[in-house]
Amino acid sequence: MNKWLCCALLVLLDIIEWTTQETLPPKYLHYDPETGHQLLCDKCAPGTYLKQHCTVRRKTLCVPCPDHSYTDSWHTSDECVYCSPVCKELQSVKQECNRTHNRVCECEEGRYLEIEFCLKHRSCPPGSGVVQAGTPERNTVCKKCPDGFFSGETSSKAPCIKHTNCSTFGLLLIQKGNATHDNVCSGNREATQKCGIDVTLCEEAFFRFAVPTKIIPNWLSVLVDSLPGTKVNAESVERIKRRHSSQEQTFQLLKLWKHQNRDQEMVKKIIQDIDLCESSVQRHLGHSNLTTEQLLALMESLPGKKISPEEIERTRKTCKSSEQLLKLLSLWRIKNGDQDTLKGLMYALKHLKTSHFPKTVTHSLRKTMRFLHSFTMYRLYQKLFLEMIGNQVQSVKISCL
């Protein structure tokens, strides 16, 4: 009989436990020695521990966990759990310990947890590409490149890339690609011309230099009237005013003026005079020889809309190695509504500090930005701007970026 009663009580307790979990706070059974009755008490919430069981006169007393300890679920324990003291080797803190959560650690970038160790992500060999990027919990997943795709580098991030369609660039296929090599297209002067950059870094710095420290009334109209050559029409000026902020309007106007007057002697002279700047930028950036993966990482670190892997690969096909980074920065600027490229690079460099990006490249980018902001370039911009517009607005105070 006693055995039967024990079984019945256990079943009853299970039923009570199941039904009470459906309500908050969940309940638990407690024998009250004062009355001799079983009471339904509230469990303690996450972040607290049980100080006193409930009675017929008062509810359960729960108090906050002390520092460096926690509880992460509804419970009836009279103590909290100590937080893990430190993260293991090659791990960093993902979430600090608090009263409701233990300290959460994860493997540093480029590694994943395998049992107790942070191992490096697998690198896919040439002929294979990444189909699932590695995470702090999972290794990289590689797969052989299917027909029509290739990967020519060892990488833990780069996917297989589609073979170049030579006809898209007006070229002939002279050697079919395979899993490790791209199609080889016939060389053609037209291909190098397609790398054209609408506004170089130096021209952009020069055009942005022309923005006054304080915008004066009708500044854009004054500038339109002062520029030599074919005038930018009123409709275009109004469109610039509608679409862009006052600080951005000067850059947009000068960019459009340059496009309309590219065959004018004045524009040719300005471009020739900026060659000093361009050659210095090439000295800093022209020998970077970045891989597809590195170009992708740099473009990903820029704010705003991103340059796609396909655009990066297309740039690598149509531009010389010394032009690829500059072309991609130009594409980023256009895609993001002519945002300031140098400000975008400053943002990117802050984020690249935490990644395994080549320090020689970040150093070159910083040197380039310092050069474009230098006093020597300020004097050159000032000289060119005053030559371009004559003496009509020399009184306007010009600020260098």
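From the backbone N, Cα and C atoms, a Cβ is placed for every residue, glycine too.
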Selected from C62, C65, C97: Swiss-Prot disulphide partner of C80:
C65
Of C87, C97, which cysteine does Swiss-Prot list as the disulfide partner of C83?
C97
What does the structure give for the C-alpha distance between C105 (disulfide bond) and C97 (disulfide bond)? Integer Å is fine.
10
Mind checking which residues of the chain, 6+ beyond the ends of the repeat 'TNFR-Cys 1' (24-62), have their Cβ under 8 Å from one of its Cβ atoms?
13, 16-17, 70-80, 98-100
Check each residue in the chain of C124 (disulfide bond) that is at least six apart in sequence and keep those whose C-beta is under 8 Å from its C-beta; list them in sequence order.
V130, T140, C142, S151, T154, S155, S156, A158
Apart from its near flanks, which chain residues at least 6 from the ends of the repeat 'TNFR-Cys 2' (65-105) lie with a Cβ under 8 angstroms of it?
25-26, 28, 43-51, 111, 116-118, 136
Inter-residue Cα distance where the pair is N178 (N-linked glycosylation site) and C83 (disulfide bond), in Å:
53
